[in-house]
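Positions annotated as domain 'Cationic amino acid transporter C-terminal' by TrEMBL: 363-412. For 50-71, 77-100, 112-131, 151-170, 249-268, 274-296, 308-327, 333-355, 367-386, 392-410, the entry in TrEMBL reads transmembrane segment.
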C-alpha cells in the first residue's frame, strides 16, 4: 500500500486533467456554434475510443500548465475570480433551466433500473475529484486541524447540492434519451425554443469552470508530487522549486504534459471509467488506513489484539468483495443474505471486542468503525459496475507501479532511511559531546 495509493493519486490527477481537457474542447465547439461536438477533433483509423485526436485539449492543458508555473499566488487569485463567475453562471443555469422545465421528462424516473443507478454512481465520482487538493493547502492555513475538515466538508456539501440541482434541471429540460454526453447543458439550452443565445453563456461559463478546475488541480498535484518526491517515492528531481517563481515547475510541467498526451488520444468515456476506478480504489484504501490508524499503534497494540484486528478487517474486505462480485454476476438476492451479515458482524465485533488504540486530538472521523467499514463496502460495491476493459487498464497501471516499487522505490526508501538513522546518530553524538564539553568547562 506504500506506493499503490500515491501512484493512483498521480493517475487520478493525470486522467482528471485529460478528461477536463477533452470536455473543454466539446464546450468550445458548442461556443463556436458547431452542432457536432467532435467537429474540431481529428478522426483517424485507430481503435474505438482512441480514434478522435484532440489538439485543442493539448493546447489548453499546456497553456494552463504554463500559467500554473508562473505564480501560485496569481493562480489562486485567478481561481477566486473565476469561482465567483462560475457560481453566477450555475445559478443562471438552474433558474433559467427550471423555467423551461417539463416535469413529464422525469418519466420514467428510473429508466435503467437499480443497476443503472449504481452504474451512474460509479462514474459520478468524476464530479468529486479535487477535494484532496484542499488537504495539500494545509501549510497555508492558520489552523489546519480545524480549517481543513471545515473546508472539505463545506465544499463537498455545496458541490453535492449544486450537482443535484443541475442534474434535476437538465433531466427536466430534455428527455434522458436526448441528452448529449459531450456538452449537455449547452445543447439543451440550444434545443429549447427562445433560449438559443443562452448556449453561448453556458458554454463560456463551462469553459471558465473547467479552466478553474485545471488551475486548482495544478496547485494540488504539484504540491503532492513535490511532497512524495521529497520522500524519494519518486525521483527527487521533481521536488525542485524555482527560486524565481516559487513554484515546482518540473512537477507541474511533467504532470500537464502527461495529461496532454492522454487527452490527445483517449475518449471521455475511457477516461471517466478509469478515473472512477482509481478514485474508488483510493477512497477504499483511505477507509482501510483510517481503521489501521485507530486500532493499531506500534509498540502499544499487543499481538492478540493485532491478530483480531487483522481477522476482522479481512472479513470486512472479503465480504465487501463477495457482495460486489455477486452484484456483477447475478440478478438474485440470495448471495446478499450471506455477504451482508458477514460484513455487519465483522464490523460489530471490531467495534465491541477491540478498543481503539488512538483517539483524534482535534477532529476525527465519527462513528468508527462503522463509517469507514461502510465506505469500504460501498466503494468496492461501486467498482463492480465498471466495465472489464477499464479494470484491465487499471491493472496494467498497478502492475507498473509495483514494478517501480520493487526495483526502484525499495532501494531509494532504504537509502533515505539509512541516511536518516546516520543523521540522527550523528546528532545524538553531537549532543553528547556538547554535554561533555560543558561538564569539563564547568569543572
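Numbering starts at 1 and runs along the chain as it is shown here.
Each Cβ is built from the backbone N, Cα and C atoms, and glycine gets one as well.
With a cut-off of 8 Å between Cβ atoms, the residues of this chain six or more beyond the transmembrane segment (392-410) that come close are 2-4, 7-8, 11, 232-233, 270, 274, 277-278, 281. Residues 291, 295, 305, 308-309, 312-313, 315-316, 318-320, 322-323, 326, 369-370, 373, 377 of the same chain sit 6 or more residues outside the transmembrane segment (333-355) yet have a Cβ under 8 Å from a Cβ within it. Residue counts for the domain 'Cationic amino acid transporter C-terminal' (363-412) under DSSP, helix first, then strand, then coil, are 39 helix, 0 strand, 11 coil. For the transmembrane segment (50-71), the most Cβ-contacting stretch among 77-100, 249-268, 274-296 is 249-268 (pairs under 8 Å).
Residues 10, 13-19, 21-23, 26, 46, 49-50, 52-55, 57-58, 61-62, 64-65, 68-69, 181-182, 218, 221-222, 225-226, 229, 237-242 of the same chain sit 6 or more residues outside the transmembrane segment (249-268) yet have a Cβ under 8 Å from a Cβ within it.
As a whole-number mean, the pLDDT of the domain 'Cationic amino acid transporter C-terminal' (363-412) in this prediction is 88.
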